[in-house]
Amino acid sequence: MDFASLIERQRIRLLLALLFGACGTLAFSPYDVWPAAIISLMGLQALTFNRRPLQSAAIGFCWGFGLFGSGINWVYVSIATFGGMPGPVNIFLVVLLAAYLSLYTGLFAGVLSRLWPKTTWLRVAIATPALWQVTEFLRGWVLTGFPWLQFGYSQIDGPLKGLAPLMGVEAINFLLMMVSGLLALALVKRNWRPLVVAVVLFALPFPLRYIQWFTPQPEKTIQVSMVQGDIPQSLKWDEGQLLNTLKIYYNATAPLMGKSSLIIWPESAITDLEINQQPFLKALDGELRDKGSSLVTGIVDARLNKQNRYDTYNTIITLGKGAPYSYESADRYNKNHLVPFGEFVPLESILRPLAPFFDLPMSSFSRGPYIQPPLSANGIELTAAICYEIILAEQVRDNFRPDTDYLLTISNDAWFGKSIGPWQHFQMARMRALELARPLLRSTNNGITAVIGPQGEIQAMIPQFAREVLTTNVTPTTGLTPYARTGNWPLWVLTALFGFAAVLMSLRQRRK
(Lines of atoms letter the chains of each structure in order from A and count residues from 1; the text may use other names and numbers.)
(Lines give C-alpha, C1' and ligand atoms only; values in the text may rest on other atoms or scores of the structure.)
Protein backbone atom coordinates (compact mmCIF):
# COMPACT_ATOMS: atom_id res chain seq x y z
CA MET A 1 0.00 0.00 0.00
CA ASP A 2 1.48 3.36 -1.05
CA PHE A 3 1.55 6.50 1.09
CA ALA A 4 -1.07 8.33 -1.00
CA SER A 5 -3.73 5.71 -0.38
CA LEU A 6 -2.72 5.33 3.27
CA ILE A 7 -3.08 9.04 4.01
CA GLU A 8 -6.62 8.99 2.62
CA ARG A 9 -7.74 6.79 5.50
CA GLN A 10 -9.57 8.82 8.13
CA ARG A 11 -8.11 6.84 11.02
CA ILE A 12 -4.60 7.59 9.84
CA ARG A 13 -5.42 11.27 9.59
CA LEU A 14 -6.85 11.27 13.11
CA LEU A 15 -3.67 9.69 14.44
CA LEU A 16 -1.50 12.16 12.56
CA ALA A 17 -3.65 15.00 13.89
CA LEU A 18 -2.89 13.91 17.45
CA LEU A 19 0.83 13.86 16.67
CA PHE A 20 0.85 17.23 14.91
CA GLY A 21 -1.11 18.74 17.79
CA ALA A 22 1.31 17.37 20.37
CA CYS A 23 4.19 18.69 18.27
CA GLY A 24 2.79 22.20 18.79
CA THR A 25 3.62 22.08 22.52
CA LEU A 26 7.31 22.22 21.61
CA ALA A 27 6.79 25.75 20.28
CA PHE A 28 6.17 27.05 23.80
CA SER A 29 8.46 27.49 26.80
CA PRO A 30 10.42 25.79 28.21
CA TYR A 31 11.17 24.11 24.85
CA ASP A 32 10.98 27.28 22.71
CA VAL A 33 11.25 25.48 19.36
CA TRP A 34 9.28 28.12 17.45
CA PRO A 35 9.27 26.29 14.04
CA ALA A 36 7.13 23.62 15.74
CA ALA A 37 4.24 26.11 15.60
CA ILE A 38 4.36 26.24 11.80
CA ILE A 39 4.75 22.47 11.49
CA SER A 40 1.81 21.85 13.84
CA LEU A 41 -0.53 24.32 12.11
CA MET A 42 0.59 23.13 8.70
CA GLY A 43 -0.30 19.57 9.68
CA LEU A 44 -3.73 20.64 10.92
CA GLN A 45 -4.56 22.35 7.65
CA ALA A 46 -3.13 19.68 5.35
CA LEU A 47 -5.02 16.90 7.11
CA THR A 48 -8.37 18.68 6.65
CA PHE A 49 -7.94 19.05 2.89
CA ASN A 50 -10.44 16.98 0.86
CA ARG A 51 -12.44 15.95 3.90
CA ARG A 52 -16.15 16.21 4.60
CA PRO A 53 -17.13 18.68 7.35
CA LEU A 54 -17.64 16.03 10.04
CA GLN A 55 -14.38 14.34 9.12
CA SER A 56 -12.57 17.68 9.32
CA ALA A 57 -14.20 18.46 12.67
CA ALA A 58 -12.94 15.13 14.03
CA ILE A 59 -9.45 15.88 12.72
CA GLY A 60 -9.55 19.35 14.29
CA PHE A 61 -10.70 17.85 17.59
CA CYS A 62 -7.92 15.25 17.60
CA TRP A 63 -5.34 17.89 16.72
CA GLY A 64 -6.58 20.04 19.60
CA PHE A 65 -6.55 17.07 21.94
CA GLY A 66 -2.93 16.41 21.01
CA LEU A 67 -2.03 20.06 21.65
CA PHE A 68 -3.94 20.60 24.87
CA GLY A 69 -3.45 17.08 26.19
CA SER A 70 0.31 17.53 26.03
CA GLY A 71 0.46 21.29 26.57
CA ILE A 72 -1.78 21.79 29.62
CA ASN A 73 -1.33 18.47 31.40
CA TRP A 74 0.39 20.51 34.14
CA VAL A 75 -3.13 21.11 35.49
CA TYR A 76 -2.91 17.52 36.75
CA VAL A 77 -0.19 18.53 39.23
CA SER A 78 -2.47 20.87 41.18
CA ILE A 79 -5.52 18.60 40.94
CA ALA A 80 -3.61 15.50 42.07
CA THR A 81 -1.69 17.29 44.84
CA PHE A 82 -4.46 19.42 46.32
CA GLY A 83 -7.69 18.04 44.88
CA GLY A 84 -8.21 15.20 47.34
CA MET A 85 -9.76 12.90 44.73
CA PRO A 86 -8.86 9.44 43.40
CA GLY A 87 -6.23 9.24 40.66
CA PRO A 88 -8.65 8.16 37.89
CA VAL A 89 -10.89 11.15 38.68
CA ASN A 90 -7.89 13.49 38.47
CA ILE A 91 -6.96 12.09 35.06
CA PHE A 92 -10.57 12.33 33.89
CA LEU A 93 -10.76 16.03 34.81
CA VAL A 94 -7.59 16.83 32.84
CA VAL A 95 -8.87 14.84 29.86
CA LEU A 96 -12.20 16.65 30.14
CA LEU A 97 -10.51 20.05 30.05
CA ALA A 98 -8.40 19.09 27.04
CA ALA A 99 -11.49 17.72 25.28
CA TYR A 100 -13.45 20.90 25.99
CA LEU A 101 -10.72 23.11 24.53
CA SER A 102 -10.49 20.79 21.53
CA LEU A 103 -14.11 21.56 20.67
CA TYR A 104 -12.95 24.96 19.40
CA THR A 105 -10.32 23.54 17.07
CA GLY A 106 -12.89 20.98 15.93
CA LEU A 107 -15.36 23.78 15.28
CA PHE A 108 -12.74 25.64 13.25
CA ALA A 109 -11.93 22.66 11.05
CA GLY A 110 -15.56 21.62 10.55
CA VAL A 111 -16.80 25.08 9.57
CA LEU A 112 -13.80 25.60 7.30
CA SER A 113 -14.53 22.43 5.32
CA ARG A 114 -18.26 23.18 5.26
CA LEU A 115 -17.96 26.68 3.83
CA TRP A 116 -14.75 26.31 1.83
CA PRO A 117 -14.47 22.64 0.86
CA LYS A 118 -12.05 23.12 -2.04
CA THR A 119 -8.30 23.13 -1.51
CA THR A 120 -7.60 26.58 -2.91
CA TRP A 121 -5.75 29.82 -2.25
CA LEU A 122 -9.04 31.27 -1.07
CA ARG A 123 -9.33 28.71 1.69
CA VAL A 124 -5.78 28.80 3.07
CA ALA A 125 -4.87 32.47 2.61
CA ILE A 126 -8.15 34.28 3.32
CA ALA A 127 -10.76 32.08 5.00
CA THR A 128 -8.48 30.15 7.36
CA PRO A 129 -6.86 33.05 9.29
CA ALA A 130 -10.19 34.88 9.64
CA LEU A 131 -12.05 31.82 10.93
CA TRP A 132 -9.17 30.92 13.26
CA GLN A 133 -9.29 34.39 14.77
CA VAL A 134 -13.01 33.96 15.53
CA THR A 135 -12.73 30.50 17.09
CA GLU A 136 -9.69 31.52 19.16
CA PHE A 137 -11.65 34.51 20.41
CA LEU A 138 -14.45 32.17 21.48
CA ARG A 139 -11.96 29.93 23.30
CA GLY A 140 -10.69 32.96 25.19
CA TRP A 141 -14.15 34.29 26.05
CA VAL A 142 -16.75 31.54 26.59
CA LEU A 143 -17.11 30.45 30.26
CA THR A 144 -14.61 33.19 31.29
CA GLY A 145 -12.19 31.91 28.64
CA PHE A 146 -8.89 30.03 28.58
CA PRO A 147 -6.66 31.62 25.90
CA TRP A 148 -3.66 29.42 26.73
CA LEU A 149 -1.27 28.05 24.06
CA GLN A 150 -1.89 30.67 21.38
CA PHE A 151 0.84 30.12 18.82
CA GLY A 152 1.71 33.79 18.55
CA TYR A 153 3.53 33.47 21.87
CA SER A 154 6.01 31.08 20.26
CA GLN A 155 7.44 34.07 18.40
CA ILE A 156 8.61 35.97 21.50
CA ASP A 157 12.15 35.06 20.38
CA GLY A 158 11.21 34.28 16.77
CA PRO A 159 11.26 36.13 13.44
CA LEU A 160 7.71 37.50 13.82
CA LYS A 161 8.17 39.18 17.22
CA GLY A 162 8.30 42.63 15.59
CA LEU A 163 4.61 42.32 14.76
CA ALA A 164 3.58 42.30 18.44
CA PRO A 165 4.11 46.03 19.19
CA LEU A 166 2.30 46.83 15.95
CA MET A 167 -0.84 44.69 16.25
CA GLY A 168 -0.45 42.37 19.24
CA VAL A 169 0.06 38.65 19.69
CA GLU A 170 -3.20 37.77 17.93
CA ALA A 171 -1.88 39.29 14.71
CA ILE A 172 1.01 36.83 14.91
CA ASN A 173 -1.55 34.02 15.27
CA PHE A 174 -3.28 35.36 12.16
CA LEU A 175 -0.10 35.43 10.07
CA LEU A 176 1.06 32.01 11.27
CA MET A 177 -2.22 30.48 10.11
CA MET A 178 -1.86 32.12 6.71
CA VAL A 179 1.76 31.06 6.25
CA SER A 180 1.19 27.49 7.44
CA GLY A 181 -1.85 27.16 5.17
CA LEU A 182 0.12 28.29 2.13
CA LEU A 183 2.89 25.84 2.98
CA ALA A 184 0.34 23.03 3.28
CA LEU A 185 -1.15 24.01 -0.09
CA ALA A 186 2.30 24.04 -1.71
CA LEU A 187 3.04 20.58 -0.29
CA VAL A 188 -0.25 18.97 -1.27
CA LYS A 189 -0.52 20.59 -4.70
CA ARG A 190 3.24 20.36 -5.34
CA ASN A 191 3.15 23.96 -6.48
CA TRP A 192 6.00 26.39 -5.78
CA ARG A 193 3.87 29.56 -5.96
CA PRO A 194 2.19 29.20 -2.52
CA LEU A 195 5.63 28.40 -1.09
CA VAL A 196 7.07 31.65 -2.44
CA VAL A 197 4.15 33.68 -1.09
CA ALA A 198 4.47 31.99 2.32
CA VAL A 199 8.18 32.79 2.51
CA VAL A 200 7.57 36.42 1.52
CA LEU A 201 4.77 36.84 4.09
CA PHE A 202 6.91 35.28 6.79
CA ALA A 203 9.87 37.52 5.98
CA LEU A 204 7.97 40.81 5.71
CA PRO A 205 7.59 41.47 9.48
CA PHE A 206 11.23 40.62 10.25
CA PRO A 207 12.56 44.22 9.92
CA LEU A 208 9.90 45.40 12.41
CA ARG A 209 11.90 43.87 15.27
CA TYR A 210 14.52 46.59 14.78
CA ILE A 211 12.05 49.45 15.30
CA GLN A 212 12.34 50.89 18.80
CA TRP A 213 8.86 52.07 19.80
CA PHE A 214 10.04 53.42 23.14
CA THR A 215 12.49 55.92 24.61
CA PRO A 216 14.54 54.82 27.64
CA GLN A 217 14.63 57.18 30.62
CA PRO A 218 18.06 56.51 32.17
CA GLU A 219 17.69 59.44 34.55
CA LYS A 220 14.80 57.53 36.20
CA THR A 221 16.66 54.22 36.58
CA ILE A 222 15.92 52.62 39.95
CA GLN A 223 17.05 49.61 41.93
CA VAL A 224 14.27 47.05 42.22
CA SER A 225 14.24 44.03 44.54
CA MET A 226 11.78 41.14 44.29
CA VAL A 227 11.57 38.69 47.17
CA GLN A 228 10.88 35.07 46.20
CA GLY A 229 9.71 33.48 49.45
CA ASP A 230 9.41 29.90 48.14
CA ILE A 231 6.63 29.03 50.58
CA PRO A 232 5.31 25.50 49.86
CA GLN A 233 1.71 25.59 48.68
CA SER A 234 0.79 22.94 51.24
CA LEU A 235 1.83 25.36 54.02
CA LYS A 236 0.89 28.67 52.46
CA TRP A 237 -2.58 29.00 53.99
CA ASP A 238 -1.79 27.15 57.22
CA GLU A 239 -2.60 29.59 60.05
CA GLY A 240 0.31 28.23 62.04
CA GLN A 241 2.67 29.20 59.21
CA LEU A 242 1.58 32.87 59.00
CA LEU A 243 4.10 34.29 61.48
CA ASN A 244 6.95 32.35 59.90
CA THR A 245 5.93 33.58 56.44
CA LEU A 246 5.94 37.20 57.60
CA LYS A 247 9.38 36.69 59.16
CA ILE A 248 10.74 35.22 55.92
CA TYR A 249 9.61 38.18 53.86
CA TYR A 250 10.56 40.80 56.45
CA ASN A 251 14.03 39.37 57.06
CA ALA A 252 14.72 39.34 53.31
CA THR A 253 13.41 42.90 52.98
CA ALA A 254 15.06 44.68 55.93
CA PRO A 255 18.57 44.82 54.34
CA LEU A 256 17.05 46.29 51.15
CA MET A 257 15.39 49.27 52.80
CA GLY A 258 17.16 52.49 51.87
CA LYS A 259 18.96 50.73 49.00
CA SER A 260 16.17 49.61 46.67
CA SER A 261 13.62 52.21 45.64
CA LEU A 262 11.01 49.52 45.01
CA ILE A 263 10.65 46.19 46.80
CA ILE A 264 8.07 43.67 45.59
CA TRP A 265 6.49 40.69 47.34
CA PRO A 266 4.47 38.14 45.32
CA GLU A 267 0.77 37.33 45.11
CA SER A 268 -0.84 36.88 48.56
CA ALA A 269 2.59 36.99 50.19
CA ILE A 270 0.75 38.10 53.33
CA THR A 271 -1.58 35.15 53.85
CA ASP A 272 -4.09 36.94 56.03
CA LEU A 273 -6.81 39.54 55.73
CA GLU A 274 -5.47 43.06 55.41
CA ILE A 275 -7.67 44.29 58.26
CA ASN A 276 -6.09 41.70 60.59
CA GLN A 277 -2.55 42.86 59.80
CA GLN A 278 -2.91 46.58 60.50
CA PRO A 279 -0.23 46.72 63.24
CA PHE A 280 2.29 44.86 61.06
CA LEU A 281 1.49 46.89 57.93
CA LYS A 282 1.67 50.26 59.69
CA ALA A 283 4.95 49.40 61.40
CA LEU A 284 6.44 48.17 58.12
CA ASP A 285 5.13 51.25 56.31
CA GLY A 286 6.77 53.57 58.83
CA GLU A 287 10.12 51.78 58.58
CA LEU A 288 10.02 51.91 54.78
CA ARG A 289 9.18 55.62 54.73
CA ASP A 290 11.95 56.42 57.19
CA LYS A 291 14.46 54.77 54.85
CA GLY A 292 13.02 56.09 51.58
CA SER A 293 11.86 52.81 50.03
CA SER A 294 8.47 51.57 48.85
CA LEU A 295 7.03 48.08 48.96
CA VAL A 296 4.33 46.47 46.83
CA THR A 297 2.77 43.26 48.13
CA GLY A 298 -0.03 40.84 47.50
CA ILE A 299 -2.57 40.40 50.29
CA VAL A 300 -6.19 39.35 50.85
CA ASP A 301 -8.78 42.03 51.58
CA ALA A 302 -12.38 41.66 52.80
CA ARG A 303 -14.86 44.56 52.59
CA LEU A 304 -18.45 44.81 53.75
CA ASN A 305 -20.78 45.39 50.79
CA LYS A 306 -24.21 47.02 50.54
CA GLN A 307 -25.89 43.67 51.21
CA ASN A 308 -24.06 43.51 54.57
CA ARG A 309 -21.90 40.65 53.31
CA TYR A 310 -18.16 40.50 52.87
CA ASP A 311 -16.54 40.66 49.45
CA THR A 312 -13.06 39.13 49.48
CA TYR A 313 -10.44 40.39 47.04
CA ASN A 314 -7.09 39.22 45.76
CA THR A 315 -5.31 42.54 46.28
CA ILE A 316 -2.09 44.47 45.75
CA ILE A 317 -1.27 47.29 48.17
CA THR A 318 1.61 49.76 48.45
CA LEU A 319 3.60 50.77 51.53
CA GLY A 320 6.45 53.14 52.20
CA LYS A 321 7.70 56.43 50.82
CA GLY A 322 4.90 58.91 50.23
CA ALA A 323 1.62 59.25 52.07
CA PRO A 324 1.33 57.02 55.17
CA TYR A 325 -0.39 53.68 54.62
CA SER A 326 -4.12 53.63 55.32
CA TYR A 327 -6.64 50.81 55.06
CA GLU A 328 -8.90 53.26 53.23
CA SER A 329 -6.23 54.19 50.68
CA ALA A 330 -7.32 53.97 47.04
CA ASP A 331 -3.77 53.10 45.98
CA ARG A 332 -4.53 49.42 45.56
CA TYR A 333 -5.43 46.91 42.87
CA ASN A 334 -8.11 44.21 43.16
CA LYS A 335 -7.91 41.28 40.77
CA ASN A 336 -10.66 41.36 38.14
CA HIS A 337 -10.36 38.16 36.11
CA LEU A 338 -10.80 35.25 38.50
CA VAL A 339 -9.85 31.65 37.72
CA PRO A 340 -12.72 29.13 37.97
CA PHE A 341 -12.31 26.65 40.85
CA GLY A 342 -9.07 28.35 41.96
CA GLU A 343 -10.59 31.72 42.93
CA PHE A 344 -14.31 31.15 42.61
CA VAL A 345 -16.46 28.04 42.29
CA PRO A 346 -19.38 27.95 39.84
CA LEU A 347 -22.45 26.27 41.33
CA GLU A 348 -20.59 26.28 44.64
CA SER A 349 -23.54 25.09 46.75
CA ILE A 350 -23.49 21.87 44.71
CA LEU A 351 -19.78 21.41 44.03
CA ARG A 352 -18.07 22.47 47.27
CA PRO A 353 -19.28 19.47 49.32
CA LEU A 354 -18.13 16.99 46.66
CA ALA A 355 -14.34 17.13 47.05
CA PRO A 356 -11.49 19.27 48.43
CA PHE A 357 -10.71 20.35 44.84
CA PHE A 358 -13.93 22.38 44.85
CA ASP A 359 -13.24 23.83 48.30
CA LEU A 360 -9.65 25.07 48.12
CA PRO A 361 -8.42 27.85 50.45
CA MET A 362 -9.23 31.33 49.16
CA SER A 363 -11.59 30.15 46.41
CA SER A 364 -14.41 32.63 47.10
CA PHE A 365 -12.98 35.86 45.73
CA SER A 366 -14.98 38.75 44.32
CA ARG A 367 -14.04 40.65 41.18
CA GLY A 368 -12.41 44.04 41.20
CA PRO A 369 -13.29 46.56 38.46
CA TYR A 370 -12.15 45.83 34.89
CA ILE A 371 -10.42 49.22 34.61
CA GLN A 372 -8.37 50.38 37.60
CA PRO A 373 -5.92 53.26 38.04
CA PRO A 374 -2.20 52.46 38.11
CA LEU A 375 -0.45 51.84 41.40
CA SER A 376 1.86 54.60 42.57
CA ALA A 377 4.89 53.67 44.68
CA ASN A 378 7.77 56.04 45.38
CA GLY A 379 6.70 58.16 42.40
CA ILE A 380 6.71 55.09 40.14
CA GLU A 381 3.59 54.34 38.08
CA LEU A 382 2.77 50.62 37.78
CA THR A 383 0.15 48.97 35.57
CA ALA A 384 -0.71 45.85 37.58
CA ALA A 385 -1.99 42.36 36.78
CA ILE A 386 -2.28 39.45 39.19
CA CYS A 387 -1.25 35.96 38.06
CA TYR A 388 -3.55 34.73 35.23
CA GLU A 389 -4.50 38.29 34.22
CA ILE A 390 -1.13 38.86 32.55
CA ILE A 391 -2.11 36.48 29.73
CA LEU A 392 -5.09 38.71 28.86
CA ALA A 393 -3.51 41.05 26.33
CA GLU A 394 -6.49 43.31 25.77
CA GLN A 395 -7.23 43.72 29.48
CA VAL A 396 -3.64 44.65 30.29
CA ARG A 397 -3.64 47.08 27.38
CA ASP A 398 -6.95 48.63 28.51
CA ASN A 399 -5.44 49.33 31.95
CA PHE A 400 -2.18 50.65 30.51
CA ARG A 401 -1.57 54.42 30.65
CA PRO A 402 0.87 56.61 28.69
CA ASP A 403 2.59 57.58 31.96
CA THR A 404 3.08 53.96 33.06
CA ASP A 405 6.72 53.39 34.03
CA TYR A 406 6.56 49.61 34.42
CA LEU A 407 4.20 46.70 34.04
CA LEU A 408 3.86 44.71 37.26
CA THR A 409 2.64 41.18 37.67
CA ILE A 410 2.70 39.15 40.87
CA SER A 411 1.91 35.46 40.88
CA ASN A 412 1.96 32.19 42.77
CA ASP A 413 2.68 29.25 40.47
CA ALA A 414 3.48 26.90 43.37
CA TRP A 415 0.23 25.10 42.53
CA PHE A 416 1.91 23.57 39.47
CA GLY A 417 5.18 22.30 40.89
CA LYS A 418 7.99 21.53 38.47
CA SER A 419 5.71 21.26 35.44
CA ILE A 420 5.92 23.27 32.21
CA GLY A 421 2.94 25.44 33.22
CA PRO A 422 4.92 28.21 34.96
CA TRP A 423 7.25 28.49 31.95
CA GLN A 424 4.33 28.92 29.57
CA HIS A 425 2.90 31.56 31.93
CA PHE A 426 6.26 33.34 31.94
CA GLN A 427 6.45 33.31 28.14
CA MET A 428 3.06 35.00 27.88
CA ALA A 429 4.08 37.64 30.42
CA ARG A 430 7.10 38.47 28.26
CA MET A 431 4.78 39.20 25.33
CA ARG A 432 2.97 41.92 27.32
CA ALA A 433 6.26 43.80 27.75
CA LEU A 434 6.92 43.55 24.02
CA GLU A 435 3.41 44.66 23.02
CA LEU A 436 3.43 47.74 25.25
CA ALA A 437 7.17 48.55 25.19
CA ARG A 438 7.52 48.71 28.96
CA PRO A 439 9.78 46.77 31.33
CA LEU A 440 7.84 44.12 33.21
CA LEU A 441 8.52 43.25 36.85
CA ARG A 442 7.40 39.70 37.63
CA SER A 443 7.44 38.67 41.29
CA THR A 444 6.43 35.12 42.21
CA ASN A 445 6.36 32.87 45.25
CA ASN A 446 8.60 30.14 43.83
CA GLY A 447 9.46 31.23 40.29
CA ILE A 448 9.79 32.42 37.69
CA THR A 449 10.78 35.78 39.19
CA ALA A 450 12.31 38.04 36.55
CA VAL A 451 12.71 41.47 35.00
CA ILE A 452 11.66 41.62 31.35
CA GLY A 453 12.89 44.39 29.07
CA PRO A 454 10.65 46.50 26.81
CA GLN A 455 11.45 44.26 23.84
CA GLY A 456 10.40 41.10 25.66
CA GLU A 457 13.97 40.11 26.51
CA ILE A 458 14.93 38.60 29.86
CA GLN A 459 17.11 41.15 31.68
CA ALA A 460 17.45 39.34 35.01
CA MET A 461 15.97 36.29 36.71
CA ILE A 462 16.54 33.94 39.62
CA PRO A 463 16.09 30.15 39.75
CA GLN A 464 12.79 28.49 40.55
CA PHE A 465 12.24 26.81 43.92
CA ALA A 466 14.82 28.95 45.73
CA ARG A 467 14.37 31.43 48.58
CA GLU A 468 16.20 34.32 46.97
CA VAL A 469 15.96 38.04 46.22
CA LEU A 470 16.33 39.40 42.70
CA THR A 471 17.94 42.86 42.89
CA THR A 472 18.77 44.78 39.74
CA ASN A 473 18.66 48.24 38.19
CA VAL A 474 15.73 48.81 35.84
CA THR A 475 15.27 51.72 33.44
CA PRO A 476 11.70 52.83 32.67
CA THR A 477 10.59 53.74 29.17
CA THR A 478 8.16 56.13 27.58
CA GLY A 479 6.32 56.12 24.27
CA LEU A 480 3.30 54.32 22.85
CA THR A 481 3.36 51.37 20.47
CA PRO A 482 0.67 51.18 17.77
CA TYR A 483 -0.85 48.28 19.69
CA ALA A 484 -0.98 50.37 22.88
CA ARG A 485 -2.91 53.02 20.94
CA THR A 486 -5.39 50.83 19.07
CA GLY A 487 -5.49 47.39 20.70
CA ASN A 488 -6.99 44.60 18.58
CA TRP A 489 -9.32 46.80 16.52
CA PRO A 490 -7.14 46.85 13.37
CA LEU A 491 -6.90 43.06 13.48
CA TRP A 492 -10.67 42.70 13.83
CA VAL A 493 -11.20 45.04 10.87
CA LEU A 494 -8.78 42.87 8.88
CA THR A 495 -10.59 39.74 10.07
CA ALA A 496 -13.95 41.16 8.97
CA LEU A 497 -12.56 42.11 5.54
CA PHE A 498 -10.99 38.68 5.07
CA GLY A 499 -14.16 36.95 6.22
CA PHE A 500 -16.39 39.02 3.95
CA ALA A 501 -14.10 38.44 0.98
CA ALA A 502 -13.92 34.70 1.66
CA VAL A 503 -17.71 34.33 1.85
CA LEU A 504 -18.28 36.49 -1.23
CA MET A 505 -15.71 34.64 -3.33
CA SER A 506 -17.03 31.28 -2.17
CA LEU A 507 -20.57 32.21 -3.23
CA ARG A 508 -19.33 33.30 -6.64
CA GLN A 509 -17.46 30.03 -7.12
CA ARG A 510 -20.56 28.01 -6.26
CA ARG A 511 -22.67 29.90 -8.81
CA LYS A 512 -20.30 29.04 -11.63
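Each residue's number is its place along the chain shown, starting with 1.
In case you wondered, yes, glycine gets a Cβ from its N, Cα and C as well.
Annotated features, as they stand in Swiss-Prot:
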ACT_SITE  GLU267  active site, proton acceptor
ACT_SITE  LYS335  active site
ACT_SITE  CYS387  active site, nucleophile
DOMAIN    227-476  domain 'CN hydrolase'
TRANSMEM  14-34  transmembrane segment
TRANSMEM  57-77  transmembrane segment
TRANSMEM  91-111  transmembrane segment
TRANSMEM  124-143  transmembrane segment
TRANSMEM  168-188  transmembrane segment
TRANSMEM  194-214  transmembrane segment
TRANSMEM  487-507  transmembrane segment
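Feature map: Swiss-Prot annotations on the structure.
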residue : record                       : DSSP class
GLU267  : active site, proton acceptor : coil
LYS335  : active site                  : coil
CYS387  : active site, nucleophile     : helix
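With a 10 A radius on its CB, GLU267 (active site, proton acceptor) counts 22 other CB atoms from all the protein chains. Taking the Cα atom of each, the residue listed as 'active site, nucleophile' and GLU267 (active site, proton acceptor) are about 7 angstrom apart.
It is 10 Å from the Cα atom of the residue listed as 'active site' to that of the residue listed as 'active site, proton acceptor'.
Within its own chain, the transmembrane segment (124-143) has Cβ neighbours under 8 Å at 45, 101, 104-105, 107-108, 111-112, 115-116, 150, 170, 173-175, 177-178, 181-182, 184-185, 194, 197, 340, 491-492, 495-496, 498-499, 501-502, 505-506, counting only residues six or more beyond its boundaries.
In terms of C-beta pairs under 8 Å, the stretch of 14-34, 57-77, 487-507 lying closest in packing to the transmembrane segment (168-188) is 487-507. Here the transmembrane segment (57-77) has long-range neighbours at 10, 13-15, 17-25, 28, 40, 43-44, 47-48, 51, 90-91, 93-95, 97-99, 101-110, 113, 148-149, 415-417, 419-421, 424, meaning same-chain residues at least 6 beyond its ends whose C-beta is under 8 angstroms from one of its own. Mean pLDDT for the domain 'CN hydrolase' (227-476) in the predicted structure: 92. All protein chains shown were included, and the count of other CB atoms within 10 Å of the CB of CYS387 (active site, nucleophile) stands at 25. All protein chains included, LYS335 (active site) registers 25 other Cβ atoms within 10 Å of its own Cβ.
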